[in-house]
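First comes the structure, then the notes that go with it.
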């Protein structure tokens, strides 16, 4: 998997405007990501998801995030996440490594 420190920088640059990762963190434009791994799409308590997210029915893990983060709108058509995606596999791996650590602390 990727480099946690590099992944943290990517999160700060590309994700933190809309997401938090800490336990009890607030929802912003996007949901708080604490407990992300092993959770089904559209299930963060208290966040208003699109039906597309609620109905996707996959469980978040390294493989599903790798595919989703490349092109969110292709993976979940109808998502309200406006982020275009991260094309470089290495950058996605770094971000996922960071998320894996940060969302369970």
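Backbone N, Cα and C define each Cβ position, glycine as well.
According to Swiss-Prot, the protein carries these features:
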type	residues	note
MOD_RES	2	N-acetylglycine
BINDING	15, 18, 19, 81	heme c binding site
MOD_RES	49	phosphotyrosine
MOD_RES	56	N6-succinyllysine
MOD_RES	73	N6-acetyllysine
MOD_RES	73	N6-succinyllysine
MOD_RES	98	phosphotyrosine
MOD_RES	100	N6-acetyllysine
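Sequence features annotated in Swiss-Prot and their locations in the structure.
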residue: 2; record: N-acetylglycine; DSSP (3 states): coil
residue: 15; record: heme c binding site; DSSP (3 states): coil
residue: 49; record: phosphotyrosine; DSSP (3 states): coil
residue: 56; record: N6-succinyllysine; DSSP (3 states): helix
residue: 73; record: N6-acetyllysine; DSSP (3 states): helix
residue: 81; record: heme c binding site; DSSP (3 states): coil
residue: 98; record: phosphotyrosine; DSSP (3 states): helix
- Message: Taking 10 A as the limit, how many CB atoms besides its own sit near the CB of residue 49 (phosphotyrosine)?
- Response: 17
- Query: Whose Cβ lies within 8 Å of the mean position of the Cβ atoms of 15, 18, 19, 81, the heme c site, other than those residues?
  - Reply: 14, 16, 17, 28, 29, 30, 33, 83
- Could you tell me which of these modified residues, 2, 56, 73, has the fewest other Cβ atoms within 10 Å of its Cβ? 73
- Item | Neighbours of residue 73 (N6-acetyllysine) among the recorded positions 15, 98, 100 (Cα to Cα, within 10 Å) | none
- Task: Tell me, in order along the sequence, which recorded positions from 2, 15, 49, 81 have their CA within 10 Å of residue 98 (phosphotyrosine).
- Result: 2
- Given that the record lists 15, 18, 19, 81 as binding heme c, what is the largest C-alpha to C-alpha distance among them, in Å? 11
- Query: 18, 81: which of these binding-site residues has the highest Cβ count within 10 Å of its own Cβ?
  - Reply: 81
